[in-house]
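To keep things clear, I will list the structure first and then write my remarks on it.
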Amino acid sequence: MSPQTETKTGAGFKAGVKDYRLTYYTPDYQVSETDILAAFRMTPQPGVPAEECGAAVAAESSTGTWTTVWTDGLTQLDRYKGRCYDLEPVPGESNQYIAYVAYPIDLFEEGSVTNLLTSIVGNVFGFKALRALRLEDLRIPPAYSKTFWGPPHGIQVERDRLNKYGRPLLGCTIKPKLGLSAKNYGRAVYECLRGGLDFTKDDENVNSQSFMRWRDRFLFCAEAIYKAQTETGEVKGHYLNATAGTCEEMYKRASFAAQIGVPIIMHDYLTGGFTANTSLAMYCRDNGLLLHIHRAMHAVIDRQRNHGIHFRVLAKTLRMSGGDHLHSGTVVGKLEGEREVTLGFVDLMRDAYVEKDRSRGIYFTQDWCGMGGTMPVASGGIHVWHMPALTEIFGDDACLQFGGGTLGHPWGNAPGAAANRVASEACVQARNEGRDLSREGGDVIREACKWSPELAAACEVWKEIKFEFETIDKL
């Protein structure tokens, strides 16, 4: 630890400004098992030493400020300060570093993602000495993660409630996302569910607009769910978006969903906020509702490689805040997502223990200590030809959602749903028989087309559709 002579009561107070690195850069520090660890991608301004910038990040996100203050002498600074304990240059970049910072657990309120992020990604991101700053990863120690409830129910409980095992769940976002009346919206839900999907979904910006108020939508969707369940003998659901302008209104919508007996609701956790999300997760846990989480606004925060917060951090904090599902990208669809990076944060969402693996962007070993898992949701520009890759990439514990890939079927919504269900079951069967979907996936789909005219029609419509653009956020 660096000496703090000027801030200890016995040494007296010395006013003035000093380098951050004299106090907050501690390369000899031995990390404690209870420390919260952060990895920042840091780009200093020209002429600013990396050690000074790393120390500034540690200081400004914990106990420090720009000048010495006399009240430093009234606290145990060595106990509470953040420490930049390691720096490593980023390969291939001339002035970029990974700064590792350790934060004492006592700096953070128990069970509060809001407080955690307010400290770690607060004012420091506007610090002038930094050209850019990105939070790449967090290590949440068991001593802190055990103060969070996590997902309302988790993957296994959801499987048991749905009585569906051994395959990915299938969903569909109702389109057009805005403009339908509640009755027509409910009709689309019914057709998709009776066609073979497990879930349908409100889009992220479906709340309670003049063309479709939330209560009407909830009632018509519930009617569709019950009718489809009766016809198919399967448990069905629709993600009813409870996101609202106030927490009181959000609770009202969640309560109504519970009263009419639907199995799952939805929340936009970034636009709605972590405090609202944690509160809603607790309500869902107490009232038997599954909670689907949409990540609207995430790309504003995580898409740029050099500045912001990586999605793996947003995924970790959502698991702590509470969510049974979370949109995670597709790798193969229309939305940003590199394969190894995506697989890394998918594991962080649903596995109990994840080893450090820099090849997948995982900077720290993460032990969730029994916290329930969050199911990844692949959604955005996917269709039946993507099914082999999605099955191979995500495995069984995922929800694959085909919006346009269901509702765009030339024969209608129910045939579109049937095409996706047939494609999924064909891929799962082929995988279980030992076939390599990465090489034989196209053949598997073509074989299934022989006994499913719905799938054959879907394959013909989308045979030329690809989204091949270079990924911006790479390792």
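Placement of Cβ uses the backbone N, Cα and C atoms for every residue, glycine included.
Over in Swiss-Prot, the protein carries these features:
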| type | residues | note |
| --- | --- | --- |
| ACT_SITE | Lys175 | active site, proton acceptor |
| ACT_SITE | His294 | active site, proton acceptor |
| BINDING | Asn123, Thr173, Lys177, Arg295, His327, Ser379 | substrate binding site |
| BINDING | Lys201, Asp203, Glu204 | Mg(2+) binding site |
| MOD_RES | Lys201 | N6-carboxylysine |
| SITE | Lys334 | site 'Transition state stabilizer' |
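Structure with Swiss-Prot features highlighted.
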residue: Asn123; record: substrate binding site; Cβ contacts under 8 Å, 6 or more apart: Glu60
residue: Thr173; record: substrate binding site; Cβ contacts under 8 Å, 6 or more apart: Thr200, Lys201, Asp202, Asp203, Ser379, Gln401, Gly403
residue: Lys175; record: active site, proton acceptor; Cβ contacts under 8 Å, 6 or more apart: Asp203, Gly403, Gly404, Leu407
residue: Lys177; record: substrate binding site; Cβ contacts under 8 Å, 6 or more apart: Asp203, Asn205, Val206
residue: Glu204; record: Mg(2+) binding site; Cβ contacts under 8 Å, 6 or more apart: Asn241, Thr243, Asp268, Thr271, His294, Ala296
residue: Arg295; record: substrate binding site; Cβ contacts under 8 Å, 6 or more apart: Asp268, Tyr269, Leu270, Phe311, Leu314, Leu318, Leu326, His327
**OP:** Would you mind pulling the DSSP three-state label for Asn123 (substrate binding site)?
**Re:** helix
**OP:** Write out, in the order they occur in the sequence, the residues of the chain not among Lys201, Asp203, Glu204 that have a C-beta within 8 Å of the mean position of the C-beta atoms of the recorded Mg(2+) site.
**Re:** Thr173, Ile174, Lys177, Asp202, Asn205, Val206, Tyr239, Asn241, Met266, His294
Subject >> Collapsed DSSP category at Lys175 (active site, proton acceptor) >> reply: coil
Subject >> Least buried by Cβ count (within 10 Å) of the binding-site residues Lys201, His327 >> reply: His327
Subject >> Fewest Cβ neighbours within 10 Å, where candidates are the recorded positions Asp203, His294, Ser379 >> reply: Asp203
Subject >> Residues Asn123, Thr173, Lys177, Arg295, His327, Ser379 binding substrate per the record - widest CA separation, whole Å >> reply: 37
